[in-house]
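Participant: As annotated by TrEMBL, active site, proton donor applies to Glu168, Glu440. Here TrEMBL flags Asp312, Glu481 as active site. Annotation comment: TrEMBL describes Cys383-Cys426 as disulfide bond.
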Amino acid sequence: MIFGLACLMLTHTNKAHSVSDGLAKGIGTNGEHKEVTDVGIRFKKLFRRAPRLPPRLSPDEKIIHRNFTGKLNEPNVEEQWKARQQNVKDAFTHAWSGYKKFAMGYDELMPVSRLGVDGLGGLGATVVDALDTAMIMGLDEVVSETGSWIESHLLDRIRQKGQVNLFETTIRVLGGLLSAYHLSGGDQGMTLAQKGPKPTIYLDIAKNLADRLLSAFTSSPTAIPFSDVVLRDSSAHSAPGGLSSTSEVSTLQLEFNYLSAISGDPKYSTEGMKVLAHLKTLPKTEGLVPIYISPHSGEFSGENIRLGSRGDSYYEYLIKVWLQLRDTQDGNFTYLHDMYEEAMRGVKHMLVQKSIPSELVFVGELPVGPKGYLSPKMDHLVCFLPGTLALGATKGLTKEKAMKDNLLTFEDLENLKLAEDLTKTCFEMYSVTSTGLAPEIAYFHTKDYFESGLDGGNKSSEYVNDIIIKHADRHNLLRPETVESLFVLYRITQDPKYREWGWHIFESFEKYTKVESGGYSSLDDVTTVPPPKRDKMETFFLGETLKYLYLLFGDSSVIPLDK
């Protein structure tokens, strides 16, 4: 998620803790929630300059790298990645230039039409979402432009605008403001940005926005917030049909917890954590939960269980919020880790399958269909899971260090293996298509399911008969989930193949989604060349996709995962 990267950096002590250490702290079996005010959940000083050490490559990996560098010595390999990182930085500049020219102040750019469009409430979402990426990349001019717009316009927009979605506004706008606060030196954080407003400007706007968003919690008769907020009068209501998405109500807590820590006001964290404490009490299927929940009854609705849309980040935030809060002194939060581990066991037992004929590992969906087999459908959104599994296994440490210090349980190692297997599947969802870009949804050939004539178009792919892409699912929205997992898996395993896979994906974005007048466009069909353009540049392309690619190709000491 948008603030997901920044929140991976949330603090804990430099001392590594094993799972057993964490459980021994006795956190939260009674479901009680305590206010989170401890400065321990603040970001620590994260950025440090370290020697640029070349990656350690095996002989086989060195042979692979000869194709890219022409030489085997490691410093040249590292120079190659620095050059590729610059290519990502150039892509961000091109994306921003199109937005600035044609859509400044609108939520999103339509790069083909050269127009701006408001689809996220009219808060200039691309400006806010892109800011922390610009800070990380050291693009001072962009930081100055975005910061000036936020300082001059955003507060008035918040006061005047109507309905917004609680979840989307939290992850893109509130999360963007909090990241900017931290990366510009707020809370003694990293000072990656010398340009733009003072950190307190971002914080003050964040508090004003969050105060209005709180109405989604306080207006609800249960601990589950309403999905929609009217900003100008701080009112809230449920979505049509009355239900909220499970992922949406459980993907607010990192942002609200951090805001409480830096503002000193516990109300944001209190409301956010009530949701997770309530979800703890509800019945589940081996830790897995339906994708809808009612704010009126506080109960889950329906039987659909998936790790794709409406379910995904529930599982992601369980482990990330635990990492965020595990060293605080005023709360017991082991229940989050317990819920995460139970859910991952449920995933492995009930949802993980292998394709035919090449045995790609994928995550299916419940319920079992009328023909009696698990749905072999997997959203691209599920590709968040490998990175989450790896982070949950090592807590952000490298696999080498975690094993050397005897910090990994058997279950951690099992989850890390699943993370690596799923990352391969997610990459093959890209490489199996004619464009090298993944569809929004893929189906997998199993003993129970197959449809012919629906391959990805790349007949040379080893997996062309494993992955099925239906006509309605062939679009690509420039999503970040796969490259986020590549970034995390590279940092944790130090295996250079994840960088290579990321480079192949980036090259395909450059070749097929770039619009010469400025910006990048989502696509309608990744199986045909040239692919028809969908004429939309989502905010997360700048806020996440290019950010993770930039960090994947860069030095691992920048934004270290264990902090």
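Each residue, glycine too, has its Cβ placed from N, Cα and C.
Curation plays no part in TrEMBL annotations; they are all automatic predictions.
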Participant: Return the single residue from the active-site residues list (Glu440, Glu481) that has the minimum number of other CB atoms within 10 Å.
Facilitator: Glu440
Participant: Please give me the recorded positions out of Cys383, Cys426, Glu440 that lie within 10 Å of Glu481 (active site), comparing Cα atoms only.
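Facilitator: Neighbours among recorded positions, in sequence order: Cys383, Cys426.
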Participant: Within a 10 Å radius of its Cβ, which of these active-site residues (Glu168, Asp312) has the fewest neighbouring Cβ atoms?
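Facilitator: Per-residue Cβ counts within 10 Å for the active-site residues Glu168, Asp312 bottom out at Glu168.
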Participant: Sort the recorded positions Glu168, Asp312, Cys383 by C-alpha distance from Glu440 (active site, proton donor) and give me just the closest.
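Facilitator: Going through Glu168, Asp312, Cys383 one by one, the closest to Glu440 (active site, proton donor) is Cys383.
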Participant: How many neighbouring Cβ atoms, not counting its own, are there within 10 Å of the Cβ of Cys426 (disulfide bond)?
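Facilitator: So the number of other Cβ atoms within 10 Å of Cys426 (disulfide bond) is 28.
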